[in-house]
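Peer 1: Pasting in a structure now, in structure tokens, and then I'll have a few things to ask.
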Amino acid sequence: MIELHGLTVRYGSTVAVDDVHLDLPTGKIYGLLGRNGSGKTSLLSALASYRRPASGTVRIDGADAFENPAVMRQTCFIRDTLDVNDSERVRAVLCFAGWMRPGWDAGYAARLTDLFELDPRKRISALSRGQRSALGAVLGLAARAPLTILDETYLGMDAVARSHFYRELLADYLARPRTIILSTHLIEEVADILERVIILDRGRVLLHEEADELRGRGVTVTGPAEAVGTFAGGHPVLGERSLGGVREVTLDWRPEPADVARGEAAGLTFGPVGIQDLFIHLTSASQRLEAVR
Amino acid sequence: MFDDRSPIYLQIADGIKNDVLSGALKEDEQIMSTNQYASFYQINPATAAKGFAQLVEEGVLYKRRGIGMFVSPDAREKLRADRRERFFAEVVDPMLAEAKRIGIGVDEIVRHLGGAR
Amino acid sequence: MSVHHALFRIYRPIIIPFAAILITVDLVISGLVVFGAGHLDFSMWLVLAGNAAKYWLLVVGIMLVVMQLRQFVANGATRHEFLTGAAIFGLILTAAFSAVVVLGHGLESVLLGAADRRGGGYPVLSATGMLSEFGQVFPEAVGYMTSGALIAAGFYRWRPRIGLAVMLGGAIPAGVADALLGVDEFGDMTALLPYAAALALSLAATALAAWAFHRVISDVPIKRTAG
């Protein structure tokens, strides 16, 4: 179990992560979502002990994580800078990971390097953004760390490379289950392989739920303004817009078939709200709209 | 493969039920493992497992420890009975409501259906 | 692999060419001087290797912080494990370099003596002289490396202005060692204080800086910036 308790990360007077409490059972694939500046990377930095939290604790399997050798050895945090030296060659970076990582699989690293068409002789400084991310994917997957944290390890990758990455990640996870935390903006692309989703908003946890439960969690209701208002009454409204007498509201509510039938009888139409739309609605509202009538 | 309208595990369950009803999956036939399913459809194995668990609970599948999941011997019959029960409420009634809205009489529908015989 | 093993592996491809270049340059210049003037009035090896070793070790101290720290933490080492490994690596490296400086001086002394090319000012090195020279060069080398590490740590952790303040403190071990234990090209030691007192003061300054370095790094955030 990974336990974040009252976790707070500050930069001077800026609070990046604000009193976060999270219990994350191990062995699952988590998606960490949030807008830019929502505190994702700061949270992950504290989780990986790259940064000591201003207050609060990170415990992994009951042990305090910060400067804990056993925990550190089992944690692999890949962020956009990769924490490698620009003058080094890809081969040297992989070789170093092999020296230090107890679970490193050099054969697998070589296969992935091939798959991503990375030239091992190239220097890091000569890699494109997408190739750097691919190297991050290789480092993160081949380390086989029980806690693997991949912070936007897709930046600059083209659609084919991303598809390889997700496929390999899932395949390796199926073969060797472990805790994987992916922070991402490309929600739709990874939603299917996630088990749980955490949404951060302004340093706080907005939502922590099974990814699959977010599908069909919301609904859009469209129709005559008055009928929509009557129908939506009492349910949390995520967004709304109107054109003439027609109104569309997005509700954070899963209607039962009977509700849908009742609504359709009143001339309303229903539409799905995808995970991405739900995320946008949840994180863009400057304040939660009250159910309106 | 899957859409955003409902949780994937429900869509998985529905898909397998349809295969059982159509006969694509036979009684006592083994179905894919959770991991095979996850890998084939590129979904999280927990999601697949949840879909299967739902089917076990509904009696469509049964588990054999250490071997895998199989289609229950009476699954097809049970599913047919279920669907038949819901057929009028979920398919016919909405159709009649729509027919009424646009002024198609029951007689006209019966005549049309007579042609499909 | 332990941190110090990995550090040796990382630096091996740098150390060997560095030593090779140093020896080549020394032989060429010494040869030219002896050829031109007929004799060598001072120890060319002490000038070249003595200084190169000092400043190179200072640079290694800086590189350990700027380049290696995050590399090790990103691959599963704690800061404490890194500090311990860096200390072992640093001590072995400084001892080895000091030994090379002293042995090179001894070899130079013997070779010039055999060829009768020693000038009047040349610091002839006896076997016991080697031991006392090592006693000066080694603590000085440790002081330089510690200075490099502390100076880099200040800039790594804080804004440049605070980094500058830390830099002043960081320069102390190198400065004290230089002032009290320095060996010049004539093999003369700065004899401001008796050796025991000089050594004690220099080691104290180094230990203080090492302690400060440990404090700065032991919970430092691993910076995002690349390069």
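Using N, Cα and C of the backbone, Cβ positions are placed for all residues, glycine too.
All annotation found in TrEMBL is predicted automatically rather than curated by experts.
Copying in the features that TrEMBL gives for the protein in this structure:
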type: TRANSMEM; residues: C:14-35; note: transmembrane segment
type: TRANSMEM; residues: C:55-73; note: transmembrane segment
type: TRANSMEM; residues: C:85-107; note: transmembrane segment
type: TRANSMEM; residues: C:137-156; note: transmembrane segment
type: TRANSMEM; residues: C:163-183; note: transmembrane segment
type: TRANSMEM; residues: C:195-214; note: transmembrane segment
Peer 1: With pairs closer than 6 in sequence left out, are the transmembrane segment (C:14-35) and the transmembrane segment (C:195-214) joined by 3 or more CB pairs under 8 Å?
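Peer 2: With fewer than 3 qualifying Cβ pairs, these stretches do not touch.
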Peer 1: Apart from its near flanks, which chain residues at least 6 from the ends of the transmembrane segment (C:85-107) lie with a Cβ under 8 angstroms of it?
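Peer 2: Cβ under 8 Å, 6 or more out: 2-4, 6-8, 11, 15, 19, 23, 26, 43, 45-46, 49-50, 53, 56-57, 60-61, 64, 68, 72, 77, 123, 125, 127, 130, 133-134, 137-138, 141-142, 145-146, 149, 187, 210.
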Peer 1: Apart from its near flanks, which chain residues at least 6 from the ends of the transmembrane segment (C:55-73) lie with a Cβ under 8 angstroms of it?
Peer 2: 3, 6-7, 10-11, 18, 79, 81-82, 85-86, 90, 93-94, 97, 141, 144-153, 156, 174, 217, 220, 222-223
